[in-house]
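These features come from TrEMBL:
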type     : residues : note
ACT_SITE : ASP203   : active site, charge relay system
ACT_SITE : HIS267   : active site, charge relay system
ACT_SITE : SER437   : active site, charge relay system
COMPBIAS : 26-45    : compositional bias 'Polar residues'
DOMAIN   : 197-472  : domain 'Peptidase S8/S53'
REGION   : 24-45    : region 'Disordered'
REGION   : 83-108   : region 'Disordered'
REGION   : 233-254  : region 'Disordered'
SIGNAL   : 1-22     : signal peptide
Amino acid sequence: MARIPSTMAAAFVAAWSGSLVAAESPPSTVQGEAPSSTVTPSAQSGRVDRFIVKLRAPRHGPPASRRDEAQIDVRRAVAVTSDTLRTTAPPGIGASGGRSRRAANGTASANRVSEARAMSGSAHVVRLDTSIARDDALALARQLAAQPEVEYAQPDYRLEAYTEPSDPLYGEQWGFHDALAGANLPAAWQAANQAPVVVAVIDSGYRPHPDLASNLLPGYDFVSDAFSANDGDGRDADASDPGDWASADESLQCDGTRRWEKKSTWHGTHVAGTLGAVANNSVGGAGVLWQARIVPVRVLGKCGGLASDIVDGLRWAAGLDVPGVPANPYPARILNVSLGTSLPCGAAMQEAIREIVARGVIVVAAVGNDRGAVGEPASCQGAIAVAAVDRRGERAAFSNFGPRVDLAAPGVKIVSTSNAGTTVPAEDDYRSGSGTSMATPHVAGTVGLMLALDSTLTPERVRAQLVTSARRFPAGSSCEQTAAGTVCGAGMLDAGQAVEAVAASRAARR
């Protein structure tokens with residue numbers, strides 16, 4: 001069993017409204033990044049011990065092999081972080097400014113870099129010997145980003161699943177067919193051909209549920225910390241979900257707060273079921289995309305998920321290289337990302353999504369459940385941002401909102417595949433869940449139906465078609481269109497109209 005660290009990277013949740021800091025040289029500043037690095041009063045708890053650092057390519061030097069370059073870059077990342085800690089670190093980032101893993105042995109010394117690893121996109125994760133407060137982490141990121149050899153630096157914060165749990169029930173899948181606020185999927189299924197489309201679910205992993213198993217492809221587990229992984233090891237080829245429960249004491253080990261204390265959620269299995277549960281098998285319900293080929297990419301554990309793990313998981317899912325991980329034999333055309341944070345889009349996430357979209361891969365992301373502004377990754381340029389509505393066509397009480405939202409989809413009391421275990425897996429079952437996490441697979445599945453008809457669709461064409469085909473919000477709704485616009489996106493998902501428009505466009509080209 002791997003060592004259980006006394007503190008982990010920062011919990012990246014709604015209350016923290018800081019941002020990464022990028023160096024002020026050419027295009028390292030990310031569009032959409034907020035300049036503020038303030039922390040709201042409700043976000044004072046939680047600690048950080050990891051950072052993502054991307055170095056600028058050296059201008060001179062003899063040629064080196066790819067492996068040698070990677071080793072040199074790891075050493076450079078360690079050196080620049082160590083030098084910054086020693087010479088320019090803000091007050092409070094020393095032996096007295098954090099809870100050292102060595103402090104338990106009675107040893108107190110200045111903070112230092114204890115670990116480093118390469119991640120995708122030529123960035124690196126560095127880990128400090130001592131955890132530090134979030135304000136100090138943002139200050140250190142500013143100092144790191146100011147170094148001439150650094151392209152960007154940010155705390156390696158934690159992201160969380162966007163779900164609002166509710167009691168188990170076996171209700172109707174109203175989100176598929178309700179006349180007022182449903183997604184009009186029966187019309188989409190009539191127009192589509194249900195050809196197989198590969199979709200990656202970036203989440204907590206999967207359970208081999210009988211209503212899901214035959215649509216699953218091999219995935220990968222990107223949870224790098226063995227404690228958070230809950231399965232006794234770090235990254236490996238087993239993307240199954242062992243459960244993400246955490247006791248009160250375990251939550252404190254995540255980041256010094258109690259926010260992670262919970263029973264297992266089986267979040268990835270619920271999301272995957274809405275997206276691609278098997279149809280016409282006399283078992284349970286159906287998914288939006290019956291012929292989905294789902295690649296489970298596990299990035300969330302008992303402490304949520306580190307930004308560095310999620311960035312690596314996104315790139316791998318799209319068929320891009322990740323150091324130390326075998327290539328993905330089933331690159332996805334669609335990435336369903338039902339997780340996030342309230343922070344603005346960071347440089348590491350934006351860079352990854354830009355590369356992914358450039359490959360023609362569609363990223364569909366939940367806007368979040370904080371009743372506030374859209375955060376990462378839905379706020380990143382290139383992602384399709386999905387809010388949640390209830391059965392009346394009203395914005396779900398928990399859903400984030402604002403001008404960054406593209407459209408809304410059903411996200412309240414959504415029945416899907418799950419598991420009865422409160423800690424470790426037990427028998428398979430079906431449960432009702434609410435959240436923008438539940439709205440997102442309605443949209444991702446609809447995108448799959450569109451691609452099944454026309455595989456040449458680009459991410460921008462897909463977004464435009466979803467927006468123009470969206471159904472207007474009901475009159476008097478909190479999302480109703482006004483002269484000032486709407487805070488819930490262009491309208492409610494209408495899968496039937498979106499798919500029929502693709503079919504008509506394809507027929508016109510013949």
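The backbone N, Cα and C atoms fix where each Cβ goes, glycine too.
Recorded features from TrEMBL, shown on the structure.
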residue: ASP203; record: active site, charge relay system; CB count, 10 Å: 31
residue: HIS267; record: active site, charge relay system; CB count, 10 Å: 27
residue: SER437; record: active site, charge relay system; CB count, 10 Å: 32
Open item on the list: Using Cβ atoms and a strict cutoff of less than 8 Å, what residues sit near the region 'Disordered' (233-254) while being 6 or more residues removed from its termini?
Closed with: 2, 4-8, 11, 158, 204-208, 218-227, 260-269, 296-298, 300-304, 324-326, 421-425
Task: For the region 'Disordered' (233-254), the number of residues DSSP places in helix, strand and coil - done: 7 helix, 3 strand, 12 coil
Task: Stretch-averaged pLDDT - the domain 'Peptidase S8/S53' (197-472) - done: 95
